[in-house]
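Q: The following block contains the structure, expressed as structure tokens.
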Amino acid sequence: MRFTKMHGIGNDYVYVNLFAEKLPLAAPDLARIVSNRYKGIGGDGLILIGPSERGDARMQMFNADGSESEMCGNGVRCVAKYVYDHGIAKKPELRIETGRGVLTLQMFAGSSGKAERVRVNMGTPILKSADIPTALPGDPPVNQPLVVGDKTISVTCVSMGNPHCVTFVDELTDAWVLGLGPQVEVHAAFPRRVNAEFAQVLSRTEIQLRVWERGSGETQACGTGACATLVAGVLSGRTDHQALIHLPGGDLEIEWPDEKEVFMTGPATEVFTGEWFPEV
Ligand SMILES: N[C@@H](CCC[C@H](N)C(=O)O)C(=O)O
């Protein structure tokens, strides 16, 4: 199976072009195997790029544990870059079908003619608790107490197509991300599990963020997580409608101008291509 390794500020996935390739295994099994950083290709999961009847291409994303997610912010920028650079559709504006509908992306090419940065209309955040989904009260659920082990934390929940639970903290420590993250992910308040964001507000326009992702553990960056965090920052009165989000792997610019659609801008990078042989 031929594949391409790409990342968006360090959030790395194995990409397979279904316009040209057939999968040798069911996608969830393949995701688990290729994501393994010792015995596979290595990555936070698997992303399939295929034909779409509604857009220029369709993205399907699977976490490292094989679970499928509705959406991936860093992934959709990379899918658009792939579609643009590999001539599937070389247009300044692309439409990519995802689990949360067809998204519009603006491509910014560098002097090589290849796409370097991508601005994505991420759609309107979902703020009704039943639709996020969470058992926590409030539409939207803002600053809600959540009992995790022997701690009660205050969380704000947002869906960007996929579910997020944002905790604002004074200091970003491993105790929050690696200690609480895995417990929040599988907490009974989240029937479809959840991505857990831990955010330190640096100013009204700057946030430091780490994310424990559903199905993949801590990643270098999470695009939908950055969007959900800005929305949570606005809803809880902590931030303005535009902020630079610093993640371990780099920065994303997030805007929620009129509290309708969220926009995300950031880089997309192709690292290498290769051929993977299933073990027999
Ligand atoms: N890293 C992604 C999100 C990937 C999916 C997530 N783990 C989930 O299960 O919802 C991003 O950049 O948005």
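Glycine is no exception: its Cβ is also placed from the backbone N, Cα and C atoms.
Pulled the feature table from TrEMBL, pasting it below:
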| type | residues | note |
| --- | --- | --- |
| BINDING | N11, N63, G73, N74, N162, N195, E213, R214, G223, T224 | substrate binding site |
| ACT_SITE | C72 | active site |
| ACT_SITE | C72 | active site, proton donor |
| ACT_SITE | C222 | active site, proton acceptor |
Q: Go through N11, N162, the listed binding-site residues, and name the one with the sparsest Cβ surroundings, counting other Cβ atoms within 10 Å.
A: N162
Q: Mind giving me a neighbour count for E213 (substrate binding site)? Other Cβ atoms within 10 Å of its Cβ, every protein chain shown.
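A: So the Cβ neighbour count for E213 (substrate binding site) comes to 27.
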Q: Which residues of the same chain, at least 6 positions away in sequence, have a Cβ lying under 8 Å from the Cβ of the residue listed as 'active site'?
A: Y13, G45, I47, M59, M61, T98, N162, G223, T224
Q: What other residues of the same chain, not counting N11, N63, G73, N74, N162, N195, E213, R214, G223, T224, have a CB atom within 8 A of the CB centroid of the substrate site?
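A: Neighbours found: S69, M71, C72, G75, V211, S216, T219, C222, G225.
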Q: Check E213 (substrate binding site) against DSSP and tell me helix, strand or coil, would you?
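A: The three-state answer is strand.
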Q: Whole-number answer please: how many Å between the C-alpha atoms of N11 (substrate binding site) and C222 (active site, proton acceptor)?
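A: That comes out at 7 Å between the alpha carbons.
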